[in-house]
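Worksheet for the structure shown next.
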Amino acid sequence: MSLVPILLALLPVTVLIAFGLVLKRLPGFRSPEFWSGAEKLAYYYLLPALLFTSVAEVDVAHVPLARLAAALVIPTVIVSLGIVLTRRVIARDLPAFTSVLQGGIRFNTYIGLSLAGSLFGPEGSAVAAIAAAILVPTVNVISSLGFEFLRTGPSSLLALLRAIATNPLVLGCIAGAVANITGLGLPDVAATVLDPLAAASLPIGLLCVGAGLQTFSMRAHARAIVISTFIKLLVLPGLSLTALFVLDVPTVPALVGLIFQSIATASSGYVMARQLGGDAKLIAALIAGQTVVMLLTMPVVLLVGQFMLG
């Protein structure tokens, strides 16, 4: 894999995100309700359909699940602990800390699935679904625990577990895993309905990513933005690459996992910040800044990954 395939894979992602950014400013598409509905459609229905169909059909015998999970989860936990231990240095207050934490570990699932499919075809899409199934619960648990720093009353483990158990992405992955393990796979009748829904998830999701980009207070939060972006786009990929190499994860699963660890943080972090009392303006600025910087760092990270893992 050379630089050209990586850039070609990033091209449609970049164009769709930019198109979403422009589209929201055009007459007829400025309504917040329109984009809110599109986001809900993609997040609650289309993306779970994609994860379900991908996991249901993947040949798990060719994916070292334990090694891949360890290589993705361990670096994520290490980075999270590092942010917690240095929170007084990297964030001016606790709400800002929660946004830096989310910005350091969250990833945009739409971008990851799109890039993996473009670079590695059906195998890449299937492995990407597995990587998402591993990382989505992990980052949601860590992010939720981060908000425990803001609580003044008793915490609720039950509420945390309920939030994870009802996450549509988690449910899509679990349903796909059940279909895979039981041997049901994806029946042709189900495929005729689910495949078009799955195919629609990425373009609609990426348009929503672009429409959701906001640049609140970038100058006011410059230090936190720089630190969080450095952690997310360089430190976490570096640790993950080391883990993937040491654990000898095969090339395609390793590079797909590296893609997910190299992606800008997701807009779901903004929603969580607003709901739980985090610094929503900071996370919005992080999402915008990281998405732009990612277009520069991603090719470098993947080329280094190809050299070490290929």
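Glycine too: its Cβ is placed from the backbone N, Cα and C atoms.
Pulled from TrEMBL, these are the features on record:
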TRANSMEM  6-23  transmembrane segment
TRANSMEM  43-62  transmembrane segment
TRANSMEM  68-85  transmembrane segment
TRANSMEM  97-120  transmembrane segment
TRANSMEM  126-147  transmembrane segment
TRANSMEM  159-181  transmembrane segment
TRANSMEM  193-213  transmembrane segment
TRANSMEM  225-246  transmembrane segment
TRANSMEM  252-271  transmembrane segment
TRANSMEM  283-309  transmembrane segment
Cβ pairs under 8 Å between the transmembrane segment (225-246) and the transmembrane segment (97-120), at least three: yes
Contact yes or no, the transmembrane segment (159-181) and the transmembrane segment (43-62), 3+ Cβ pairs under 8 Å, gap 6+: yes
CB contact flag for the transmembrane segment (68-85) and the transmembrane segment (6-23), at least three pairs under 8 A: no
Other parts of the chain folded back onto the transmembrane segment (283-309), taken as Cβ under 8 Å at six or more residues beyond its ends: 1-3, 6-7, 10, 14, 17, 99-100, 102-103, 108, 111, 115, 209, 212-218, 221, 224-225, 228-229, 232-234, 237, 241, 244-245, 249, 251, 254-255, 258-259, 262-267, 269-270, 273
Long-range environment of the transmembrane segment (6-23) - Cβ separation under 8 angstroms, sequence gap at least 6: 29, 111, 114-115, 118-119, 203, 206-213, 291, 295, 298-299, 302-303
Top partner of the transmembrane segment (193-213) among 43-62, 97-120, 126-147 - counted as Cβ pairs under 8 Å: 43-62
